């Protein structure tokens, strides 16, 4: 009984802390200990997720409010169509029209974790809208609160307005969020290695998923990968090399890319590998032009 009470008290403290962080006047950076969660989540589980049926129905305005475009209003708007009578068993499922933005998301960090890469990329790529995708609830909340605090702390400079985070299962719903050839850069940093052979199907790089990356990444765009697990690195290289829509970027070009240095040093997992004197294996893959047929 005593152990259950301690767990309950800790849970209540976490909930109270997160509720306090959600207040508008809070600019303090969140503390990780109040957002702890398991290191990985099963992507095949039925998570309680909300996702658009089509990218055109995704409303990005809550993530990037400073990029909302005010639509011109007409002096005499047309009357609305008649609304059919509905019963409680027949809810109105008509999708709301998303608020337009001045630009679209062009950079995605798949499995963004606690947001280290997002925060490092934001000021170095001020013209790009950058999105972190994370399946774990508490970790997503941490990144949300982190971005909120950084925006408040840097309000005068207008920093971190171009970065957002979304809870999503990219193994299932990536094309629901992004149109064909929308993304210029995709980062896959220190993904779950799933060491057991029977779990390899859960790896974030596979023949099937690489086709989805090929769909959302524009020709000339880059997929960045990094891991401290050699077996996983070789797996990712093998599967991207085997895909007709990608070619591996040369090591010379790779090392000249400023995003590679950021990817190596700014993610939380990368810093952990550094502390333990581990190796970091990097590979970049360029999206090729589609055949002209």
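Backbone N, Cα and C atoms are what each Cβ position is placed from, and that goes for glycine too.
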What range among 38-67, 68-97 does Swiss-Prot describe as region 'Disordered'?
-> 68-97
Tell me, if you would, which residue among 111, 170, 192, 267, 269 (recorded positions) has the fewest other CB atoms within 10 Å in the structure shown?
-> 192
Whole-number Å value for how far residue 192 (active site) lies from residue 111 (S-adenosyl-L-methionine binding site) (Cα to Cα) | 9
Taking the Cβ of residue 135 (S-adenosyl-L-methionine binding site) as the centre, how many other Cβ atoms fall within a 10 Å radius?
-> 21
